[in-house]
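The feature domain '4Fe-4S ferredoxin-type' is assigned by TrEMBL to 259-287. According to TrEMBL, the transmembrane segment annotation covers 12-30, 64-88, 100-130, 151-168, 180-199, 304-322, 342-367, 388-406, 453-472, 484-506.
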Ligand code: SF4
Ligand code: SF4
């Protein structure tokens, strides 16, 4: 029997619906300020905690220790997946990967930006294997340092891998197999190691890793980022060690000059620049949340597609956990005579969910372009569809991020595993599957009360819409001189996605494990 979790009470959907209506009208009525500097403060300059952040930037061993702990956890997951019990809820590989890690790294972005990438065991183990060094600049000749081919120099490889992994995860059912989970983790390690051995820099992190690109994209919303402590020092810097590296410390793996860094997307928080900068001028900075998504990040077409694919796949994850999805699968299977694992029916559903939001987004962009042409006439001739498409794509970020967190909170809060027995017996040796009674008890014993969960979910979805309207208002005004009714199509897009997110949260949701 499939157990489900109750959905968000309907009154939350009505309350957020009214808020969307009012905020949509306000967004059209009030112009975005033409000059509004983002506020930020370096954590290294703060009293009390400033010393801690300076310490973390100066010494390598705290980060190295964390890297080793995460690498050890990764090896435990692989061991448990390959040699442990196939019972999904009794094996550390599946519970840690799908229940804790995938939810945890997304929530962690709010508090630590792209810090996960610094701890990522795929990249760290690959670096240790290829560079033969655990921290210092390597003199190893085992890297070919080839130029990354032009066809790979975009985030399309990461987008395609993301779609492929979603197909494997939900279509083939990797989530329900410790062995397949371990094989997928190993495949990523092989990819990271091979690309590191072949290409210069970190081509895997920059262009291919769907997790890294997701963390990078979402960290444009984060209120915390690595930045220069004093930008004047960077302006006068001639040596750029943060970019080139020093005798002992490797260069920036994603070719960033810290003094010119405007967006978090490709910073992996690796800490090389905090070590190599001769002026010790790099530390964590607190800044206005979402400022990059709202105005600072530069639009690029491949990244715009990645953001929209991220939104579509996030919606798809939610959709597959509703009762309707099972109904769709069996009806489609009957229609096309799909038998067995219903892979064709699943793939059609995935394809439609992937394309539909992008198609609706294109329609809204087309409408915006039409309205702008009418309003601005000859001035708008340079305003191509592509410019509008990439400029407004940042609205996908808060919409995807808010649903991603709200949805996963249900799994996290309602499906907390018996971590003590999993830690003491990660392979699940001799363990029995959860009985119906145990499943029911787990379902009832939530980490926070049901009402607290609903309040958190409602607020998160509302914040997602608020940020999306800010993106529309600022980007519309600054990039395209759009205001008033010309912003309506994009506001409708944000409202439609938020409405769909709310509808999914209101439905009962299938328990994952
Ligand atoms: S971070 Fe350091 S090395 Fe990089 S530009 Fe600034 S002062 Fe120069
Ligand atoms: S070296 Fe580059 S990737 Fe690493 S923390 Fe500095 S800017 Fe980010």
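Positions of Cβ are set from backbone N, Cα and C atoms, glycine also.
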| query | Would the transmembrane segment (180-199) count as touching the transmembrane segment (64-88), if touching means at least three Cβ pairs under 8 Å and pairs must be 6 or more apart in sequence? | reply | yes
Contact count check, CB pairs under 8 angstroms to the transmembrane segment (12-30), set 64-88, 304-322, 388-406, 453-472; argmax is 453-472
Next on the checklist: With contact taken as 3 or more Cβ pairs under 8 angstroms (pairs 6 or more apart in sequence), are the transmembrane segment (484-506) and the transmembrane segment (304-322) in contact?
Outcome noted: yes
Maximum Cβ pairs under 8 Å to the transmembrane segment (388-406) among 64-88, 100-130, 342-367, 453-472 is reached by 453-472
Quick tally over 100-130, 151-168, 304-322, 453-472 of CB pairs under 8 Å to the transmembrane segment (64-88) gives the top stretch as 100-130
Across the domain '4Fe-4S ferredoxin-type' (259-287), DSSP labelling yields 7 helix, 6 strand, 16 coil
Best-packed against the transmembrane segment (304-322), counting Cβ pairs under 8 Å over 100-130, 151-168, 342-367, 453-472, is stretch 342-367
Beyond a gap of at least 6 residues from its ends, the CB atoms lying under 8 Å from the transmembrane segment (100-130) belong to 63, 66-67, 70-71, 73-74, 140, 142-143, 185, 188-189, 191-193, 196-197, 202, 204-205, 209, 211-212, 214-216, 218-219, 221-226, 264, 267-271, 401, 404-405, 408-409, 411-412, 417
